[in-house]
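Noted in TrEMBL for the protein shown:
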REPEAT    109-143  repeat 'PPR'
REPEAT    144-178  repeat 'PPR'
REPEAT    179-213  repeat 'PPR'
REPEAT    214-248  repeat 'PPR'
REPEAT    249-283  repeat 'PPR'
REPEAT    284-318  repeat 'PPR'
REPEAT    319-353  repeat 'PPR'
REPEAT    354-388  repeat 'PPR'
REPEAT    389-423  repeat 'PPR'
Amino acid sequence: MNSQAQSFIHTIVSRKGKDSAFTVFQAVLKAKGNNFQSFVNVLNGLIDAYLDLGFVSDAIQCFRLIQKHKIKFPFQGCTKVLEYLMKLNSPMVAFDFYKELLESGYPPNVYFFNVLMSKLCKEGKMMEARSVFTEMWKRNLRPSAVSFNTLINGYCRLGDMDAGYRLKREMEERGISPDVYTYSALINGLCKNFWMSDANELFNEMRVKGLAPNVVIFTTLINGHCKDGSIALSMDAYHQMLTQGVEPDLITYNTLVNGLCKSGDLGEARKLIHVMIEKGLTPDKITYTTVIDGCCKEGDLDGAFEIKKVMVDNDIELDDVAYTALITGLCRQGRIVDAERILIEMLNAGVKPDDPIYTMVIDGFCKKGDVKMGFKLLRQMQSNGHTPNVITYNVLLNGLCRQGQMRNAEMLLQAMLNLGINPDDITYNILLEGHCKYGNPDDYDKLRGEMGLVHDYATYTSLVGSLSRSSRHQPRKSFM
């Protein structure tokens, strides 16, 4: 009647609560009777109950009480404690408990060692992972290819390629053949460090050994070549992939599309998208956003908006990257009204523009002479929870100074100071440039000589205060 017994044990443990392991264990010990197997089942059930309730410290204490009383080991329950600890984010706690188990006669298992190493490697704790690996040899266990690959991948992810290569050599010396995963980890590490010649050398080595590169390895090489600026080599790897019957996946195509767009080859990027679709792959947000960004950087805004329409037609939402690319491209071409329209669309879609986007559009309006619109966007920016910085204010100051509105510029400077925004060298240079252009001609040489030398408000006010009075009598318009 194991299920009924387990239910009864669970009731006892839940009523006794946390930190009750010693009391409950003593009670079970007194009532154990002569049927030893039933007693072991009860101990397993006790450990299970504590784990089910999340009282892991009590489950561990049960194990230590079993040790203390030199009772035959309930391996089932202890295995569950170990598995429970491994699911937590404390692999070294699990490792310490595992060593306790091993000292008590628990049979060592390569699987548990591999899981512990994997968790430590993911956390970047390579010294601890290596100590787990060393413990395997101490326990007369032969590490598997998975054991070596786990460590190699951990080192390569951290950029320690020397350690990765040393482990590969150790594998070979111990008669364990490196497999596709070994080469994949090493090639990935080399590509991240832009050591593409070494990556190609390893790629050729694995093929000589009869190992077939998979889609991950090809994609890794393609990505490495793209980031290294060698788009021709990326395309060579892609064609080699097709020749060997390895089907590129969405990640492969997105990587190539990104590389082609960055190299300015938008035509080839679009061809690849058509190839993807023909092969039954559906381009995603990353695919389309990459092309939009590429089109905008190349000045092909018609192409960018064409892709945007495809995204909308396919119910693919534009993200901040796509909107930013479109707004940037429009601002570069002086299409500020269109840029503002996209900014409004972005806000209506629930996508929040960052400070540089607002500043870019404000700058566009100011350069077109529409400073009033610039201040309107400043207020919108503030109402949306943004705190404009010195760069945004410099853009507005520049717009005012270009129109000769020096009094308004001085008012904006005061507003900056009141908000705790410290002007920088650029701020003062913008203002001095305005005074040079629209002030008294007699002060021109003096101001020009001070350009780049004014670094604080006190120096600026002292300098401006000494200017000829005639430079201060200017018409005043309200933009704020």
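Cβ atoms are placed via backbone N, Cα and C, with glycine included.
Across the repeat 'PPR' (179-213), DSSP assigns 26 helix, 0 strand, 9 coil.
When Cβ-Cβ distances below 8 Å are used as the criterion, the repeat 'PPR' (109-143) is approached by residues 82, 86, 91-92, 94-95, 98-99, 102, 150-151, 153-155, 157-158, 160, 163, 176 of the same chain, each at least six residues removed from its ends. According to DSSP, the repeat 'PPR' (284-318) comprises 26 helix, 0 strand, 9 coil. Residues 285, 288-289, 292-293, 295-297, 299, 301, 304-305, 308, 311, 360-361, 363-365, 368, 370, 373, 377, 384 of the same chain lie 6+ residues outside the repeat 'PPR' (319-353) yet bring a C-beta within less than 8 angstroms of a C-beta in it. When Cβ-Cβ distances below 8 Å are used as the criterion, the repeat 'PPR' (249-283) is approached by residues 215, 218-219, 222-223, 225-227, 229, 231, 234-235, 238, 241, 290-291, 293-295, 297-298, 300, 303 of the same chain, each at least six residues removed from its ends. Averaged over the repeat 'PPR' (144-178), the predicted model has a pLDDT of 96.
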